[in-house]
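Novice: The feature region 'Disordered' is assigned by TrEMBL to B:1-20. What TrEMBL records for B:30-199 is domain 'CobW/HypB/UreG nucleotide-binding'. Taken from TrEMBL, the feature GTP binding site covers B:G33, B:P34, B:V35, B:G36, B:S37, B:G38, B:K39, B:T40.
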Amino acid sequence: MNRAALLLLADGRFPAGGHAHSGGAEAAVRAGRITDAASLEAFCRGRLHTAGLVAASLAAAAALGAEPGELDAAADARTPSPALRDTARRLGRQLLRAGRTTWPGGQLDALATVFPRGLHQPVVLGAVARAAGLGPEDAAYCAAYESVGGPATATVRLLSLDPFDATGVLARLAPDTDRVAGRAVRAAREALTDGVDALPAASAPLLEISAEAHAARGGRLFAS
Amino acid sequence: MHLHRHHDGLGGSGAAAHRPDGTRRALRLGLGGPVGSGKTATVAALCRQLRPELSLAVVTNDIYTREDAEFLLREAVLPPERITAVETGACPHTAIRDDISANLEAVEELEERSGPLDLILIESGGDNLTATFSRGLVDAQIFVIDVAGGDDIPRKGGPGVTTADLLVVNKTDLAPHVGADLARMAADAKAQRAELPVVLQSLRGEAGVAEVAAWVRERLAAWQA
């Protein structure tokens, strides 16, 4: 257990490509669904309990040592949007690159060799957490926090939202983030014995639909 | 000047100088500079000049995604599969300096797709005078400013002006129209950069990009030696 490594992995400055993605916030801003701190909070709460929960459980399962290929297939089944699947694998490759250089070792090298086209980002996140000496709770926290941290940062840039307000949103979501991480770890432990179908499959249809529209649109600031 | 910058042995960072099969990978040159200074026009001119003799590709880092890539495609300076646009999430300098993972992925994909390349030009999105490329991404960098942006820019300095491997002062043909003093710009640049080279160019003039192209050839010869 190496708690400082958690800070490093959860830091938004960790160079794994996240800065170019808004987690659906740009599409929501464009559609008028995020206009201020209150609507950002509602968006983030929804994302945390759907995409965030699924990502956290995948990350926790990977950190527990579940088979990455099976987890990747489970992530595909829980990601209807081809654009989001593509984004998830791209971010997975970028995170694996950063992880391999930061925490060198055979396990991550093997992942890159066996899955040259990449794995969904949460699966890589769990594997990188494991390589960094972290446990499933840490991996779940990273994924859950990232699911709301990315959109909040992006919204500061998109709406010129007061950065203190955006940070306040994340603070108010902290108890929910705790609950989501806990639930994700319980599901990940179940998946070790019962298979990946035990992982949550909470879905946010509007995130999936707007991701497709966003991917087809020119003049965007964020890749997704 | 550091003509030989060996990055061997850095493993997964992408900066390693050799491909997995042991051959030397493409030389990676970054082009940075303020908005509108002529980075994309310089890249296009370099492609036209060098494509008969070299196998090359371009990565653009746009602010609004594909503008620069689409300009290069319209100008047909390279086949479409040789041009990749990286999206930068409203922060172009982050993608070339603080978090280079998307750009590293783009250059590796270009080499995978096109076979071995000699040269990859990585153009940054228009940014400010402090934007520089990470040494983990490029082997050398060119900073492009222009006379219309103010002839005091070389004097003001900043990391791009003072540390880039080549400083290009572009659009010299506009100097009489904007009241820019070229001699002063050249002298200020020399004072800021000591031995590092400076090229004053007008892409509309007869010589065009020739001097920059010659510098690129020299870097490439050193890289491949």
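Cβ atoms here come from the backbone N, Cα and C positions, even for glycine.
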Novice: CB neighbours of B:G33 (GTP binding site) within 10 A?
Specialist: 30
Novice: Could you tell me the mean pLDDT the prediction assigns to the domain 'CobW/HypB/UreG nucleotide-binding' (B:30-199)?
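Specialist: Across the residues of the domain 'CobW/HypB/UreG nucleotide-binding' (B:30-199) the model's pLDDT averages 93 on the 0 to 100 scale.
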Novice: Which residue, out of the binding-site residues B:P34, B:G36, B:G38, shows the minimum number of other Cβ atoms inside 10 Å of its Cβ in this structure?
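Specialist: Result for the binding-site residues B:P34, B:G36, B:G38: minimum number of other Cβ atoms within 10 Å at B:G36.
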Novice: Quick check: with B:G33, B:P34, B:V35, B:G36, B:S37, B:G38, B:K39, B:T40 left out, which same-chain residues have Cβ atoms within 8 Å of the centroid of the GTP site Cβ atoms?
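Specialist: Neighbours within 8 Å of the Cβ centroid, excluding B:G33, B:P34, B:V35, B:G36, B:S37, B:G38, B:K39, B:T40: B:G126, B:V144, B:I145, B:D146, B:N170.
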Novice: Helix, strand or coil for B:G33 (GTP binding site)? Use DSSP.
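Specialist: In three-state terms, B:G33 (GTP binding site) counts as coil.
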Novice: My understanding is the cutoff is Cβ-Cβ under 8 Å with a sequence separation of 6 or more in the same chain; which residues meet that for B:V35 (GTP binding site)?
Specialist: B:G126, B:D127
